[in-house]
């Protein structure tokens, strides 16, 4: 057998990484001292801690705004969904800063510190005497400095969450050398554990919610301490990580292509590819320019005095084709965000309903209303392994697809679940109102109905838990694999963006419904007393919109073509990518 050249032997045996990662001192990372599974427990623990605090604020902030600060029901609902939506959308900003300036490590720990500041501001809003109301029956809604303090605290937290969310999973993936077959094979295991720790964080957040239910100052203080400990431990072990040097954000490429295309819009199309800019001769031979969105091609037309600097600088054909691929993903993103609009109801309306249910577990323990949403997390944890271990092998027998079904088929199944969930929610709410009216109850919105158990909310939580198990991994996988290789980080961010848009969509729909149903003699479907609201009508409306959204998705997905293997993305198919 022929021996490898000495240089290749040295390369194979070298303990140094080959994927461009460096250690804390800027030297090529040593695999024996940095990264790998020996350090990922710290990153997983950091994500777990941050998610405990994050899920607690997501699931319980509505109760704080509506029941503690006495804000109007619709106002508190929209304030909650806007806050959550902002935290997801800001992940784009966090990703841009990490890719272009700070790197992922610095983005994570600075964002964690920002979260601490936000929780500190909420502690002030919950504990300062002049912001408190001693008699709930005579309290007026928070306003002025009191309301401004809450706004500042929430959006500082949203900024911190967006920064951590944008970088922590990728930073964990950076700990594995993709050029080392052994370490690359460990990446799927890492991502499985990462998602598991996210869900465990959601489960453990019930402890924080319980503390908040007893004392809001202590609850926010607990969240501050959890995030602070995560930041301290994360930073303390900085010499054991591997780091990717910031190379610039894909958003910069997209911006350059659009600006350059507009700047060169009046130029005629060249008769052949010699009039276009290719970064290498090999690209000019391999890349096939697509015929759609040809106006973007003008961004790569050569001129005599082209510059390689500034926002109007010449883009390459590769960058133009990558941009086209990203644009092709937008119709799928536009028809999947509505799932998260339905999901938003479980952080707002369902909480208000849970306040009126019988939440007793035994004679001495009462479950906090926000904990009812943990049912959904439990169903997610159950559904994910069943899908992976049971459904995929079963479907593979009929489809021959290694993943059982395609990503688009998985998303289509996921979009069926909001229809079922909202149908169940409408029927359950009708049942709850029936109990109220049947017994002629004139209940305070925080008074539980002894004959209406919290477990009535199980079916809608089941369907949304199943849907999340289909949608969230399905979206990440679809946008990552269908994005060009140079923009795969942006493809992943598109999933978080659809979550943010979904929560903003919830606010917009709720506002539109309120305006449409309010009259001079009625406040419409949303009343400050949930027992006087018509949330069943609202759930039916969402179910109808979910049907419309599913039809739109099916139409769009029929037109979608999976990424061409000869496209710029460096011409590799999904199978090749996974190998």
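Cβ coordinates are placed from backbone N, Cα and C, and glycine is handled just like the others.
Some features that TrEMBL has for this protein:
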| type | residues | note |
| --- | --- | --- |
| TRANSMEM | 79-98 | transmembrane segment |
| TRANSMEM | 105-128 | transmembrane segment |
| TRANSMEM | 148-172 | transmembrane segment |
| TRANSMEM | 193-212 | transmembrane segment |
| TRANSMEM | 218-237 | transmembrane segment |
| TRANSMEM | 365-387 | transmembrane segment |
| TRANSMEM | 495-517 | transmembrane segment |
| TRANSMEM | 537-556 | transmembrane segment |
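Counting Cβ pairs under 8 Å to the transmembrane segment (218-237), the stretch among 105-128, 148-172, 193-212 with the most such contacts is 105-128. Scored by C-beta pairs under 8 angstroms, the transmembrane segment (495-517) has its highest count with 79-98, from the stretches 79-98, 105-128, 148-172, 193-212, 365-387. The transmembrane segment (79-98) and the transmembrane segment (148-172) are in contact, since at least 3 Cβ pairs between them lie under 8 Å (pairs 6 or more apart in sequence). Counting residues 6+ beyond its ends, the transmembrane segment (365-387) has Cβ neighbours under 8 Å at 59-60, 63, 195-196, 199, 202-203, 206, 209-210, 212-213, 346-347, 350-352, 354-355, 357, 359, 454, 457-458, 461-462, 464-466, 468-470, 473 in the same chain.
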